[in-house]
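Here is what Swiss-Prot says about this protein:
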LIPID     GLY2  N-myristoyl glycine
REGION    7-31  region 'Interaction with Gp41'
REGION    8-43  region 'Interaction with host CALM1'
REGION    12-19  region 'Interaction with host AP3D1'
MOTIF     26-32  motif 'Nuclear localization signal'
REGION    73-77  region 'Interaction with membrane phosphatidylinositol 4,5-bisphosphate'
REGION    106-126  region 'Disordered'
MOD_RES   SER146  phosphoserine
REGION    187-225  region 'Interaction with host PPIA/CYPA and NUP153'
REGION    215-223  region 'PPIA/CYPA-binding loop'
REGION    275-361  region 'Dimerization/Multimerization of capsid protein p24'
ZN_FING   387-404  zinc finger
MOD_RES   ARG406  asymmetric dimethylarginine
ZN_FING   408-425  zinc finger
REGION    436-482  region 'Disordered'
MOTIF     452-455  motif 'PTAP/PSAP motif'
COMPBIAS  471-480  compositional bias 'Basic and acidic residues'
Amino acid sequence: MGARASILRGGKLDAWERIKLKPGGKKHYMMKHLVWASRELERFALDPGLLETSEGCKQIMKQLQPALQTGTKELISLHNTVATLYCVHEKIDVRDTKEALDKIKEEQNKSQQKTQQAEAADKGKVSQNYPIVQNLQGQMVHQPISARTLNAWVKVVEEKAFSPEVIPMFTALSEGATPQDLNTMLNTVGGHQAAMQMLKDTINEEAAEWDRLHPVHAGPVAPGQMREPRGSDIAGTTSTLQEQITWMTNNPPVPVGDIYKRWIILGLNKIVRMYSPVSILDIKQGPKEPFRDYVDRFFKTLRAEQATQDVKNWMTDTLLVQNANPDCKTILRALGPGASLEEMMTACQGVGGPGHKARVLAEAMSKVNNTNIMMQRSNCKGPKRTIKCFNCGKEGHLARNCRAPRKKGCWKCGKEGHQVKDCTERQANFLGKIWPSHRGRPGNLLQNRTEPTAPPEESFRFGEETTTPSRKQETIDKELPLTSLKSLFGSDPLST
């Protein structure tokens, strides 16, 4: 980060931090914006060292401007950041990003006017851009595209497979190229022949449209003048390299290389949409996926969507939050609908990582512990149990702490010779006589039982006199052995 942060120093850094991001806003540019711009340039295969000079910033803006109409918010933000940095290098006093863009636009218009005036003043001079250069004899010659450039282009196509970042890479590698150079780059692509056929169809359509808008003038061509290029000439199929150089260096020039490049970029946009079959609705953040990686996948897919910029803005505002995981979604909704992408990424930084998991786990454990403590406290609020001394019979202390003289014998029955644990008072069997009298009958027996009675004898004997049982019979009944539980429960009807 140190090397990236050393782009601005001293007064330039102070001027940079005074510029606001938006007109009337509160946020200003900071050092982290330079670090972010450097990383984005590396993603687009551009040298971050270009940010250190105003000329380098101008070259970066020139490379990014063709893709601004179809680019994502990140690409537009990168262009605006570089434009503001250019004003700082040139010591142009600006207050916000919009004012910086207006200043650069004015400067470009003035530069274009100066170029036109210079061309009108000196028609003998011709422009020279690599790969078309002027040799020692003053002739315009062409230097073929280098093998290193071709290798970089092939590597990008093989690795990225026509992902959205292929277009800025093609624009950077084909700077100043002739139609022949562009065809060489396209011919080096070995695979993806279906995509190449789609690209050829797009080029043929644009060439036919060029021929329709630029009809051939009637009559022969005047001596010393070049014929007007047709669509096939711009595509490099019916024109020679010398004719292409002449058109590009003539006054006024016909930039056949730039025209052909625009056609190729238009075809590449169609291929990118075809090679991105995933819908933006299917881009959802995984439960453990960092928010930054999710945003990268989201905007990469959004870049290939066939929609207007307004629709893409709506998708960004709605789907980016809706398809986030529950942890990030809670944070994003708390920020509100007007939060910027920078605020979202800052708020969700670290969500899903080890630190975040440990923090969430600690909070959950803290809640569980607090719940257990509250339950324990609530359980202790019941009525207090009174203790009673077995020695003196008083409440409030135990027998081992009793100050009264030691009671001899059993504390239950009062007899000597045994202890409470060996006392038989509480071990009386069902039919024994040791049952404690003060407790009454067992709970499974009726306390007051009404003895069943039989109707009087006279009701069956139709008025005959009934005789009372003799005393002799009562004596016999008393002497009979107990053949039932009559002795315990009273008269048993079944025993008679």
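From the backbone N, Cα and C atoms, a Cβ is placed for every residue, glycine too.
Counting every protein chain shown, the Cβ of ARG406 (asymmetric dimethylarginine) has 7 other Cβ atoms within 10 Å.
The stretch in closest packing with the region 'Dimerization/Multimerization of capsid protein p24' (275-361), judged by the count of Cβ pairs under 8 Å and taken from 7-31, 73-77, 187-225, is 73-77. Rounded to a whole number, the C-alpha distance linking the residue listed as 'phosphoserine' with the residue listed as 'asymmetric dimethylarginine' is 114 angstrom.
Beyond its flanks by at least six residues, the region 'Interaction with host AP3D1' (12-19) meets 28-31, 34, 84-85, 88-89, 91, 94-97, 100 of its own chain at Cβ-Cβ distances under 8 Å. Beyond the region 'Interaction with host PPIA/CYPA and NUP153' (187-225), the same-chain residues lying 6 or more positions past its ends with a Cβ under 8 Å from any Cβ of the stretch are 150, 153-154, 157-158, 161-162, 231-232, 234-235, 259-260, 263-264, 266-268, 270-271, 274-275.
Helix, strand and coil residue tallies for the zinc finger (387-404), in that order: 3 helix, 2 strand, 13 coil [DSSP]. Cβ contacts within 10 Å of SER146 (phosphoserine), excluding its own Cβ and spanning all protein chains shown: 11. Residues of the same chain lying 6 or more positions beyond the ends of the zinc finger (387-404) and with a Cβ under 8 Å from any Cβ of it are 411, 420. DSSP assigns ARG406 (asymmetric dimethylarginine) to coil, not to a helix or a strand.
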